Amino acid sequence: MSPGQHPRTSFLYRQMVDKPIADPAPRAASSGFPPLQHASRSRRATVLHLTLAGTIGALNTLAFAPTPHGGWLELAIFACAFWLVSRTRTLRGALLTGGAFGFGQFVSGVWWLYVSMHFYGDMPALMAGAAVVLLSLYLALYPAFSAGLWHLCRAPRGQCAIFTPSWHASVAFACAWALGEWLRGTVFTGFPWLASGYAQVDGPLAGFAPLVGVYGVGWVLALVGALIIQAAMRMSGARVATWLAPAAVAAGLLACGMLLARVTWTQPSGPALSVRLLQGNVEQSMKFDPVGMHHAIALYQQLITEKPADLVVTPETAIPLPLYEAPPEFGTAVRRFVDATHTSVLFGAVGATMTENGPKDLTNALYGITPGSPVLYRYDKHHLVPFGEFIPWGFRWFVDMMKMPLGDFSRGGSIQPPFIVHGQPIAPNICYEDIFGEALARTLRGQSEPASVLVNSTNLGWFGNTIALDQHLQMARMRALETGRPMLRATNTGATAMIDAHGSVKAQLRRFTVGALDVRVQGRSGMTPYLIAGNITVLVISLVGLAIGLGMGHRSSAGRACE
């Protein structure tokens, strides 16, 4: 029995639309939903269906940080999402349902971009709000794509299939969902914010992260959600086996996730390091003002030289200008402190390549100073932020409307050497580079000696006191899980934190304060399965599953029946 056909479960919905979902009447060309006797009732049912999908999408935002243990809520959300898309009868209906779900999630989940554009970018309020809506509509295309792809793959009852129709529908849903999320994190440089797997950092499926990464966790999540609803729709008036099998598989996957969370994939490596993570709380509106820049440089000079440690880390662009323009007394004071206390310092500034014609190729950089070495380490940000650090073609007018002081940056290399501190290789990343798990995995695979500690240096002052800070911290925790390595975060306003190799926040500085977080971190060596294969595993599983599903759909349209 295909999803959505059990009479008791679908009773209320059938009353709403006035016909059962399995009614063989011709499809209505004007909608993607079951045909109705009256056009006005059809429109009302369609609006109600899409409103429900959008509402469930908005509720899905609550599964992410700062909600504690939102992974369980997300399982219920995905069960509802599968039920909703299974109610549709046409490709158009599936696309609209997925799009409504996605729009509800993104407009409620990334609304903080309004704060960045309006309060700090001086964009008019109406235009900033419209930009958030337009971005949400674009991002909603990916859930719409997944829902549409699932509709094309599902095999009707009676068709030949490797899976029974119920299993086929559930697996196809997981494959389509994972592929859509991967595309969202890849196309046009990618925006994987609110990828479903992130909500499982404290959830029952977190143990899958070191194996298959955040998109693989999303695959398992979608499968479990679909199996839950499959079981629920068959519990009354059916043989026990018809609902017990999907329920048992769903429970088994949840149990596997919890057991895998106990597995340690990496080993301690080298001596533990004492680290100071600095938080300057420099007001974003003042950061690039001449007075503000002078204040920031003086503040970070004081914080850096205040207390020795094995490593001191500042936030992104703590020195908010090219390093060659920094006051000489800053470099002199920091160098003297480094050599006298045997402290290594990693600080943010604007990088540049000096030529006979002056500086060129500005970058968002981290500079490293080590005791006794006259050579500066330098890491240049590779994954740049659209509109903030590079201007997409045709959008100069949009950037000109905002006061974005840094403009176009050049990209750093995709694989850069680690920063060595007391024998421990440190892998820096800047700003939202830590939301791209495949990029970090590629870096560690490509290093001759894979880094044992991850360090994220970021600003986040652009987003005020919003859920963006919590969401970003949650994504950093996923990177620690995927790589089996601790993640250190030095931020301007918060959340400055230490995350251990299991993704747990072990220490955190109070937000919107000036201070330093003193921690001890143990580097780790070894490769998790995700570090070895990256996203290849979940992509292969998804593409193979979808190829099988699309083949079934093609045979269905050709009228091939089981022999």
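Cβ atoms here come from the backbone N, Cα and C positions, even for glycine.
The feature transmembrane segment, as given by TrEMBL for the ranges 45-64, 285-304, sits at 45-64. Same-chain neighbours of the transmembrane segment (241-261): 1, 166-167, 170, 200, 203-208, 210-211, 220, 223-224, 227-228, 230-235, 502, counting only residues six or more beyond its ends whose CB sits under 8 Å from a CB of the stretch. Taking every listed stretch (45-64, 70-86, 171-195, 207-229) in turn, the largest tally of C-beta pairs under 8 A with the transmembrane segment (93-114) is reached by 45-64. Residues 57, 85, 88, 91, 94-103, 105-107, 110-111, 113-114, 117-118, 169, 172-173, 176-177, 179-181, 183-184, 191, 401, 546 of the same chain lie 6 or more positions beyond the ends of the transmembrane segment (126-150) yet place their CB under 8 Å from a CB of it.
Here the transmembrane segment (171-195) has long-range neighbours at 61, 64, 82, 85, 105-106, 109-110, 139, 142-143, 145-147, 149-150, 153-154, 163, 214-216, 218-220, 222-223, 226, 383-384, 386, 392, 435-436, 471, 475, 535, 538-539, 541-543, 545-546, 549, meaning same-chain residues at least 6 beyond its ends whose C-beta is under 8 angstroms from one of its own.
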